[in-house]
Structure formats: C-alpha cells, structure tokens
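What follows is a single structure, written as structure tokens, with notes after it.
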Amino acid sequence: MYRIRVFGDPVLRKRAKPVTKFDDNLEKTIERMIETMYHYDGVGLAAPQVGISQRFFVMDVGNGPVAVINPEILEIDPETEVAEEGCLSFPEIFVEIERSKRIKVRYQNTKGEYVEEVLEGYAARVFQHEFDHLNGVLIIDRISPAKRLLLRKKLMDIARTVKR
C-alpha cells in the first residue's frame, strides 16, 4: 500500500510525464494503487498522489477498477453541474466544484492499447478530477478565492503534516 501525498507536497503541483513503459512494474504499481484507493475508501487515485509523477490514475465508480494511462479529454460537453468533491490529498475537506456532465476521452490500458469512450455524470466527474491531478491542478484551484480563504487554516494544518 502507498502513503497518500497531501496538500503541500510538491509532487502534487507538477505536470506528470507520459508513461512510456507498459510492463510488469506498471501493472504492480497499478494493483498497489487500487489497493490503496480501496483502503482509503476512494473512487479515484492519481499517480502523483502516491509520489509518482507519471500520467496515470485508477478509478472505480461502481463497475470495478479501471487503469487510465496517458489520458486525453477529446471533447467536453458545455453543459455542467456543480457537486461536492473530496480528495484523498485533502483529508476532511469537501468543496463544491463545477464540471462538465459529459466528456469524450481516450487513454491507454495496461497493455498500451487505446480505449476511447464517452463518460457521463459521476464517471465524468471522477475522470476530470483525476485528470486534473496529472496536470498539477488541485480541487482548491477550482474554487473561489473567498472559499479558499475560508479553508486556509485547514489547508495549513494539512500542509504541516508533509514530510520534507
């Protein structure tokens, strides 16, 4: 199982590098990430959240775990909705975030094969959240400065726990 990196850890702010090697090592890492995600009752976990600055994440929105490698968002529906999101890198913080209701995506599976699909609702939301992590974008970047200010003390408390 991996240790979850929390707000304040520099790896969370980096743009992750593409995966180029599809091997047993990647599969083992993904299995371990799935185990970590389930242990912490998450529905998604991006590689940077476990200290790996590479472009992949795992998610499970009720249909079993999926590994998403080198993802791209091909189309974003202009229709959006606001819903509450949490993040394993922000313990006990939940914020309202506006996201597209429907997206068309392409990514690679663990064998390096391309998968293209349309995601809607909760699956689209989770994908967008995890995709943000690969670009160094965090949930607090998607809220107003006023709301961020209200969370300042909690954020500072979380950042103090980061092992330097």
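Each residue, glycine too, has its Cβ placed from N, Cα and C.
Per Swiss-Prot, the features are as follows:
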- GLU130: active site (ACT_SITE)
- CYS87, HIS129, HIS133: Fe cation binding site (BINDING)
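In sequence order, GLY44, LEU45, ALA46, PHE57, MET59, VAL68 are the residues near GLU130 (active site), counting only same-chain partners six or more apart with C-beta under 8 A. The Cβ neighbour count for HIS129 (Fe cation binding site), using a 10 Å radius and every protein chain shown, is 23. Those same-chain residues not listed among CYS87, HIS129, HIS133 yet with C-beta within 8 angstroms of the centroid of the Fe cation site C-beta atoms are GLY44, ALA46, GLN49, GLU85, LEU88, SER89, GLU130, ASP132, LEU138, ILE139. The Cβ of CYS87 (Fe cation binding site) lies under 8 Å from the Cβ of ILE93, HIS129, LEU138, ILE139, each of these being in the same chain and 6 or more residues away along the sequence. Within 10 Å of the C-beta of HIS133 (Fe cation binding site) we count 23 further C-beta atoms, all protein chains included.
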